[in-house]
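What follows is a set of notes on a single structure, which appears directly below.
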Amino acid sequence: MRYTGLMGTLLTLVNLLQLAGTLRIAAFNIRTFGETKMSNATLSVYFVKILSRYDIAVIQEVRDSHLVAVGKLLDELNRDKPDTYRYVVSEPLGRKSYKEQYLFVYRPDQVSILDSYQYDDGCEPCGNDTFSREPAIVKFFSPYTEVQEFAIVPLHAAPTEAVSEIDALYDVYLDVWQKWGLEDIMFMGDFNAGCSYVTSSQWSSIRLRTSPIFQWLIPDSADTTVTSTHCAYDRIVVAGALLQAAVVPNSAVPFDFQAEYGLSNQLAEAISDHYPVEVTLRKI
């Protein structure tokens, strides 16, 4: 028994050391995240529990133009230790009255923000813009990872325009490269990249998929939905030799918080209809 206990302790220490030696990044579509959800004590506990797993988390479907819910979320994330997390948030995005924001929360002791910008996808009033919610792009610096500078490009694609919007991320890649001279770019979010929104015959028309520049880390067979559907809507795609080499093999997965925390269907779906998708990067 003593031997078994010692081995268990050693395995735990090894796991902790492995975790400490990585940077964990996630994208999480929290369905209709705003004041109502954040005011629910039960839901807020799970938002904090889930997001605390990550060094960087990109939250989509944020509907909080006055940042009341965002402020409460950061207060809870920083409750035990001030300045554990900081945030940067996009302007409200959308073609009509319905707007969403992209929210990045990150640990300042692990990464810092070097720059950011809103991708210009054309004239919205003219009707020739590309995205329903154009990406808000952030360049991070981490002194501890094998790749020290990298950009994250989030996308919450409109379901009926998923094919064209995912394809247009190739143009975003070129724009980031031209602006910053940076090839190490991570695209992540709810692409609606599966089931009826992107069929098997449509992948050949998506440059982000057909170009050898990009590695798709979440496979088509994955299920990133909380409900009874089985769809790989949420994805992580990486470009750049340094970033691709820094990815820990097999670390890109959906995080099934329902199974992890033993939640009922009702509670899990109240949190969101999507699981986060996550990936880890090696530290030096």
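Glycine too: its Cβ is placed from the backbone N, Cα and C atoms.
These come from Swiss-Prot:
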ACT_SITE  Glu100  active site
ACT_SITE  His156  active site
DISULFID  Cys123-Cys126  disulfide bond
DISULFID  Cys195-Cys231  disulfide bond
CARBOHYD  Asn40  N-linked glycosylation site
CARBOHYD  Asn128  N-linked glycosylation site
SIGNAL    1-22  signal peptide
SITE      Glu35  site 'Involved in actin-binding'
SITE      Val89  site 'Involved in actin-binding'
>> As a test of the contact definition, list every same-chain residue at least 6 positions from Cys123 (disulfide bond) whose Cβ is closer than 8 Å to its Cβ.
In response: Asp129
>> Which one is it: of the glycosylation sites Asn40, Asn128, which Cβ has the fewest other Cβ atoms within 10 Å in this structure?
In response: Asn128
> What does DSSP call Glu35 (site 'Involved in actin-binding') in the simple three-state scheme?
Replying inline: helix
> Just the number: how many Å between the Cα atoms of Glu100 (active site) and His156 (active site)?
Replying inline: 9
>> Radius 10 Å, atoms counted are CB only; among the disulfide-bonded residues Cys195, Cys231, which position scores highest?
In response: Cys231
> Looking at the recorded positions Cys126, Asn128, His156, Cys195, which has the shortest Cα distance to Glu35 (site 'Involved in actin-binding')?
Replying inline: His156
>> By the count of other Cβ atoms within 10 Å, pick out the sparsest of the recorded positions Glu35, Val89, Glu100, Cys126, His156.
In response: Cys126
